[in-house]
Amino acid sequence: MPERYGPRVIEHLVNPRNAGEVGGPSGVGEAGNAACGDQVRFTLRVGGDLRLQEVRYRAYGCAACIAAGSALAELAEGRSITGAAQISRGDIQEALGGPLPPGKEHGATLALDALHRAFEDYWSRQGDALLGGEGLGDGSGGRRGVVAAMSGGVDSAVTALLLKERGYEVVAVTFRLHDGEPGSRSCCSPDTVLFARETAHGLGIPHFTLNLRELFDRRVMRDFVGSYAAGRTPNPCVACNAHVKFHAAAFLADRLGLRHVATGHYARVGEGPCLERPEDGRKDQTYVLWPVPPRLLGRTIFPLGDYRKSEVRRIAEERGLAVARTPESQDICFIPDGDYRSFVRRRVRSEPGEIVDRQGRVLGRHAGVVDFTVGQRRGLGISAPTPLYVTEVRPRSRQVVVGSRRELEVRRMLVRGANWFLDPREAALVQVRYNGEPVPCELEEGAGGWEVALLEPVFGVAPGQSAVFYTRDGAKVVGGGIIARRDA
C-alpha cells in the first residue's frame, strides 16, 4: 500500500465499514464511472422517523474512493436524513485522518455525490406527492425551520445564511430541472447542484437535491415550446413558480416537519398573505411571483426583500462566501446561450410562411412563426422606409403581421387564469412586462376571464405574457394572470 495514505485510510481499506448492498433499499445512488476507473454506489434504508437505519456502499477504483465510501457509510448510518445530508467533504477527510493526497481528493467528492444521489432517489420514490403538488400543508404544525431553495448564486446563499443567523433550522434544496450543458453554471444545471451543495455545507446546513426533470419538462419546457408554436410569448419563470419551485420546496418542508419555505427572490410577504414589492425596486421580482398559491405564499419567507443587491453582495463578502462575486444569470435557465429559437426549433416543426401588413399585403417570407413575438423589430428580413414591428402572429395561416409602432398600441386586454391575493376591486395598476412601468387600469369580470381597460396606452403587449395588478400606491400585488387577448 502506498505510504502516502495515512493509517486511517489504510484501516478503512483493510477493514471496510458497511460494505455491501441494502436489500429492498429506500434509495440508490451512484457517482463516477467504472469504465473511467472510479465508481461509488450507495444503498440505504430510511425509517419512518427519517433515520438512516442501514447504509451500505460499494466502491471500485483507487484506494481513496474505497476508503472515502467506507468512512462516509460509517458516518451516515444511524443519523437522521438531515444529519447525514449535512456531512461534508471535510468531515469525510477528517474521518480519514486528514486531507487525502494531492490528486486523490476526488474520492471524497464521488462518495458524497453517490450518497446524495441516493437521497435524491429516495425523495423521487415519493412520486405522486412530489410531482403532483397535491395535499401540501400550510406549515402551521411544523417546527421553526425552513427549506431554502439554493440555486448556486449569491442571492440564495445569502438567503440561507440570513435564515440561519436568525435562528431557523435551515435545510437547503437544489432542484435538478434539466440536463444542462457540461460545465454550465446556469440555475439548477448539474454543475450548479454540486456548487450549491458545497455552499450549503460551508454554511453548516444540510443539502438535498430533488429531481424535478419530469415535472419541469411537463409544466415549463413543453409549455414554452408550445406557446411559441401557438403564437404566444411565454414566461418560463412564471410557469416554474406556478407549478414547480414552491410546490417542491413545500413538499420537502412537509416531509421534514418544517414550517416555512424560502427563496432568494426580491419581494416581501405581507398580511393576508399578500405579495409586496421589495426595498430594492430595481431588483423587484413580484412580477414573476403572482402565480404562487396563497396557501404557499403564507408559509414563504423572502429574506432579501429588506435588502438592496449591493448589501447582499457585501454580506456575502463579509461572511467569506465563495459566491460573493458570482455574476448574475440573465438567461432562461434551460437555454444558457440565450438562443431560444434554436431550442424551440429542435422540439417542434415550424413551416415557412408570409410576412404581411394589416391589409394582407405580402411584404416578405419567413422560416417559421416560432421565430417571432409581438413587439419584435429585428430579424424580420424585410426593408421598409419606416421601422416595422411584429403586431400579430397567426400560427394557423403561418402569417406574421407587421406594422408601425402605433399599431402596437393596446388599450384593452383579456386576462385568464387569475390568482388573487387581495380583492380584485383593489386593482388600480397593471404591469405587463418584467421591467415595465405599471399603468392605471380598470377590471371587469366576464365569462371568459377578466376584461382589463388600460387608462393609458401600452405598446407591445404579447399574448402569453403576464398581467400583474397592483394597489393604487403600487406597493402590493393584488393578483395576476395570463394575457389571452389584446385589443387596440
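Using N, Cα and C of the backbone, Cβ positions are placed for all residues, glycine too.
Per Swiss-Prot, region 'NifU-like protein' is recorded for 1-130.
What Swiss-Prot lists as region 'tRNA-specific 2-thiouridylase MnmA' is 143-488.
Summarising the annotation, Swiss-Prot assigns ATP binding site to Ala149, Met150, Ser151, Gly152, Gly153, Val154, Asp155, Ser156, Phe175, Gly264. Residue environment of Ser151 (ATP binding site) contains 27 other Cβ atoms, counted within 10 Å of its Cβ in all protein chains.
Following the DSSP three-state reduction, the secondary structure of Cys333 (disulfide bond) is coil. The disulfide bond annotation in Swiss-Prot covers Cys240-Cys333 and is backed by similarity to another entry.
Annotated site 'Interaction with tRNA' per Swiss-Prot: His265 (among others), in sequence order. In sequence order, Asp155, Gln285, Leu289, Phe302, Leu304, Gly305 are the residues of the chain that are 6 or more apart from His265 (site 'Interaction with tRNA') and have a CB within less than 8 Å of its CB.
Other Cβ atoms within 10 Å of the Cβ of Cys333 (disulfide bond) number 22 in total over all chains. Positions annotated as active site, cysteine persulfide intermediate by Swiss-Prot: Cys333.
In sequence order, Thr233, Pro234, Asn235, Val432, Arg433, Ile482, Ile483 constitute the residues six or more apart from Gln465 (site 'Interaction with tRNA') in its chain with CB-CB distances below 8 Å. According to Swiss-Prot, the feature site 'Interaction with tRNA' maps to Gln465 (among others), an assignment based on similarity to another entry.
DSSP assigns His265 (site 'Interaction with tRNA') to coil, not to a helix or a strand.
Comparing Ala149 (ATP binding site) with Cys240 (disulfide bond), their Cα atoms are 13 Å apart once rounded.
In this structure the C-alpha atoms belonging to Cys240 (disulfide bond) and Phe175 (ATP binding site) are separated by 11 Å. The DSSP breakdown of the region 'NifU-like protein' (1-130), given as helix, strand and coil counts, is 58 helix, 28 strand, 44 coil.
Residue density at Cys240 (disulfide bond): 27 other Cβ atoms are found within 10 A of its Cβ, drawing on all protein chains shown. Residue annotation for ATP gives Ala149, Met150, Ser151, Gly152, Gly153, Val154, Asp155, Ser156, Phe175, Gly264. The furthest Cα pair among them is separated by 16 Å. Look at Phe175 (ATP binding site): DSSP puts it in a strand. Reported as a whole number, the C-alpha separation between Gly153 (ATP binding site) and Cys333 (disulfide bond) equals 13 Å.
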